[in-house]
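So that you can see what the record holds, here are the features copied from Swiss-Prot:
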type    : residues               : note
BINDING : 20, 21, 22, 23, 24, 25 : FAD binding site
C-alpha cells in the first residue's frame, strides 16, 4: 500500500520552521508540506559551508552514494526503504529516480539525487527556502521548530542546545563499539556475570557477558590489533582530538602491552563457571545494548580498524568465533544528543517541547535512517500543526524500532561508566522478537542454520509491513493509492 498525498487542506497560518537542509530536514519539510502545512526551511549553505560539504544543494550526500540494500524481505535497511516509500518519502522517490547500478544495493547519482530533492522542495507552493545560518536557538515567536542540523552542526547552535540541556547532552566524537547478535555468542565459553557480582540500577549482578583469554591468546590479540589495517580520519576530522574515554582500542594497545588488561579487558572480580579453578589473563566484556536483550556491545572496543580487520581480529576472541555483528565499530567526529534522556517519544526536547530534533543528531546512523527519522518528525509536527493526534509507528516496524532506540531503547550504564547511548543503524536486533519464529519451510521441512535465519528475517519484515499498513490506516487516516 503506497500512501497518496492527503486531500488539500487549508495551510496552517503559523509555519513550521525546519533548520537544516540535509536528508532529515528535507524529508521533514516534504512531509509537512504534503500534509498542507506551510514550512520555512533554513539552510546555511552557501553562505556558510562545512568541512565536508562541496555544494549548496539540499540533501547533499557527503560520503558514500549508497543507501545500502534494497531487499525489503531480508534486510532491515531494505525494509526501511519500503516503509518510507509507503509513506510518500521524497528522499526515496529521488533515490529511485536517480538510481545507478549497484547489485542488490540502492546507489544513486549523488548530484542528480540532490538536484531532484532541491527542485521538489523549491517548487512546492507551501515551502519557503531561506539561505541563512541560525546561529543559536530559534526565536520563541517561530513556534514549532524541527532542528535537523546533522553531525556537523555549527558550534553556535550546538552550544545553545548544550546550555538549554546539560553538559553531557552532546558528544563531539562518535565512540562506536561493535555490537554483536546475542544468539551468535558461544555460551559454552562465555558467561553472564557483573564484576564482583555488583547489581547496579536495574541490574541483576549478572549483566555482562564475559569472554576469557589466556596469556597466549591475549598476546596474539594485542599483536593483531596493532597490526590491523586502520581507516584514516577524513581531512575535516583530523583536528578533533581524542577524548580519554573514547580512545580507539588499538591506540590503547599501542601504549603498552598490558594497557588493555588494566583497562577494558581487566580480569578482576570475575570467575569463569566453565573452568572455575583457572583465572583468565584478560576478559572481554559485552553489555546488553537494547531492552530486548538481542544485542550486546563490546565494552570499550571503539576502533578505527577497517571492517575486514575488525571481523577477523574480534572473531579470535574466545566465544566470538562465530559472532554476527549488527554493527561494526568506529570513531569519527559527530554531534548527537543523549536522546533517550532529552527527547520524548515525539522527538520533542523535554526542556523546550516546541523544538523537535531529527536526523543524525538524534542518534541514528546512516543516510536512510536520518531521512526516516526526519519523516517521522515531519509527520508528528504536521499532526501538531493541524490539531490532530498521531501515535508513533509500531515498534515492530523499522521506523518504530529505530525511533524506539533513539527515544528509549538503550540501556543505562550499570556502573559509574559513561552513558551507553550511541548512534545506531537499523538492524533486526532492534525489533521485538516474533511471537512464533518460523520452524518449518513451505515444503514442511524443518529449518536449520542459514535457512532458519532467512525465514526469521522474512517473517519480521512481513510483520513490519502489515503493522505499518494498519498504523497508516488507523493513525494517519490517509487514502491509499491504487
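Just so it is clear, glycine is given a Cβ too, placed from its N, Cα and C backbone atoms.
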Revision key, fill the gap. Taking all protein chains shown into account, the Cβ-based neighbour count within 10 Å for residue 24 (FAD binding site) is 35
Review point. So how many other Cβ atoms are close to residue 21 (FAD binding site), meaning within 10 Å of its Cβ?
Key: 29
Point to revise | Surrounding CB atoms that lie within 10 Å of the CB of residue 22 (FAD binding site), all protein chains | key: 29
Check your understanding: Looking only at Cβ atoms, how many others are within 10 Å of the one on residue 25 (FAD binding site)?
Key -> 31
**Study point:** Env. residues of FAD site, Cβ within 8 Å of mean position of 20, 21, 22, 23, 24, 25 Cβ
**Key:** 18, 26, 27, 28, 43, 58, 59, 148, 149, 150, 358, 359, 370, 374
**Study point:** Residues near residue 23 (FAD binding site) in space but at least six apart in sequence (CB under 8 A)
**Key:** 59, 91, 359, 367, 370, 371, 374
Check your understanding: In which DSSP state, out of helix, strand and coil, do we find residue 21 (FAD binding site)?
Key -> coil
Exercise for review: Tell me the Cβ neighbour count for residue 20 (FAD binding site), meaning other Cβ atoms within 10 Å of its Cβ, over all protein chains shown.
Suggested key: 30
